[in-house]
Amino acid sequence: MAAFNLDETLQFAIDLAHSAGAIILDGARKREQMDDVDWDAILKKNTADLVTETDQATERHVKEKIAERFPDHEFIGEESWAAGEEPKLGDKPTWIVDPIDGTTNFVKGFSFHCISIGVCYQQRPVIGVIFSPALQTLYYASSGNGAFRLSPADGGSPRRLPLAKRPAPLPSLKMAVVAVEWGSDRKRETIEKKTKAFATLCGDADAGVEGGRMVQGVRSLGSAALSMSCVAEGSIDMWQEIGCWAWDVCAGTVIVQEAGGVVLGSKADALSSLSSPDFGHVTPQILQGRKYLVLRAIGDTDKESGSDAQRRIAAEFYNAIDDWEAA
C-alpha cells in the first residue's frame with residue numbers, strides 16, 4: 001500500500017465533498033420541481049428516518065471516486081451498510097461517509113443538511129470534512145493541523161475554529177446551550193427516558209422540576225455532523241445524542257478535537273475517564289459505540305483550566321441524566 005499522505009487525502013476529501021454537494025443540490029432542485037411525490041418510495045423506517053435517491057447517488061459517486069484515487073483504502077458508508085455491507089474498522093485508511101446527514105431536513109427542504117466525510121487511519125479519526133451545499137459552508141480538519149470553516153460569511157478566506165480567539169468560560173451547565181435529538185427510535189421506553197432527560201436539562205428545580213438544571217437553551221437541528229460543527233465553532237456549547245452511527249460523527253470528531261473540544265462516549269465511559277489522561281481520546285469503541293457527548297473548547301480562567309472545565313461540565317451533565325440503549 002502507498003504511504004498515507006494526510007495533506008493530499010484532506011484536499012481530495014474537500015474536492016470530493018464539493019462534487020458530491022453538486023449532486024445533493026441537483027437532487028434538492030429536482031425534488032422541489034416534482035409534481036407528484038411518491039412518499040412510500042422514500043420511506044425507510046418511519047417518518048423520522050427518510051432515505052432518498054439522492055442519498056444513494058451521492059454515496060455511489062463518493063465511493064467510486066475514492067476507489068479510483070485510493071484503491072487500497074477501505075470504505076464504510078451509511079447506504080452501503082443499509083445494503084448489507086458490514087462496517088469494519090481496521091488499520092488501513094478507512095473512509096467513513098454519510099452522503100446526506102440530515103436526510104429528513106433534506107427531504108423537507110430545510111437547509112441544515114450536509115455530506116460528512118471522515119477518514120480513519122490506524123483506527124483513529126484523522127480527517128474530517130463536512131460540507132453543506134445549501135448553506136455553501138465547509139468545515140474541515142486534519143489531525144494536528146487545526147480546524148477551519150469556509151462560508152460566504154467568511155469573505156472567501158478560511159477561519160480557524162473556534163471562531164472566538166479566546167473561547168468563553170462555561171461556569172456551569174446552567175449557562176450552556178445544548179443540542180439534542182429525538183432521533184428515529186420512538187419506542188415508548190426510549191421516548192420516556194429521553195423526555196425525562198430533556199426535562200431535567202430544561203427544567204427549573206426552583207419551580208418544581210426535580211433535578212432541573214435549567215440550561216440556557218436547547219436546540220434540535222436534525223444533523224449530527226452540523227451540530228458537531230456548531231460545537232467546534234463555538235455557537236453551541238455541547239451536543240448529546242444516542243443512536244447515531246460512526247458515519248454521522250467521524251468527520252465531526254476530528255473537527256471538534258482540532259478546535260479544542262472533546263468527544264466522549266457513554267455515561268459510564270465518560271465518568272470513568274474524568275481523571276484519566278485519556279479523557280477525550282476517541283477509541284474505535286467510542287467512535288462506533290453510538291453514544292456521544294461533545295463539548296466545545298472552554299477558555300481558561302484564574303481558577304480553572306479549560307480542560308478541567310470540560311471535565312467538570314461533562315460530570316455535571318452525566319450526573320444529571322441517565323443514558324439509554326441505542327436501537
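Note that Cβ sites are derived from N, Cα and C of the backbone, with glycine treated the same way.
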Query: If TrEMBL gives E78, D98, I100, D101 as binding Mg(2+), which of D237, D248, D269 does it give for that site as well?
result: D248
- request: Using a 10 Å cut-off, grab the number of neighbouring Cβ atoms around the Cβ of E78 (Mg(2+) binding site), all chains included.
  value: 24
- prompt: Where does D98 (Mg(2+) binding site) sit by DSSP, helix, strand or coil?
  reply: strand
Statement: DSSP output for E78 (Mg(2+) binding site) maps to helix
Query: Neighbourhood of the Mg(2+) site (E78, D98, I100, D101, D248): other residues with Cβ within 8 Å of the Cβ centroid, in order?
result: V97, P99, G102, T103, I115, S116, A224, A225, W245, W247
- line: D101 (Mg(2+) binding site) has its Cβ surrounded, within 10 angstroms, by a count of other Cβ atoms equal to 29
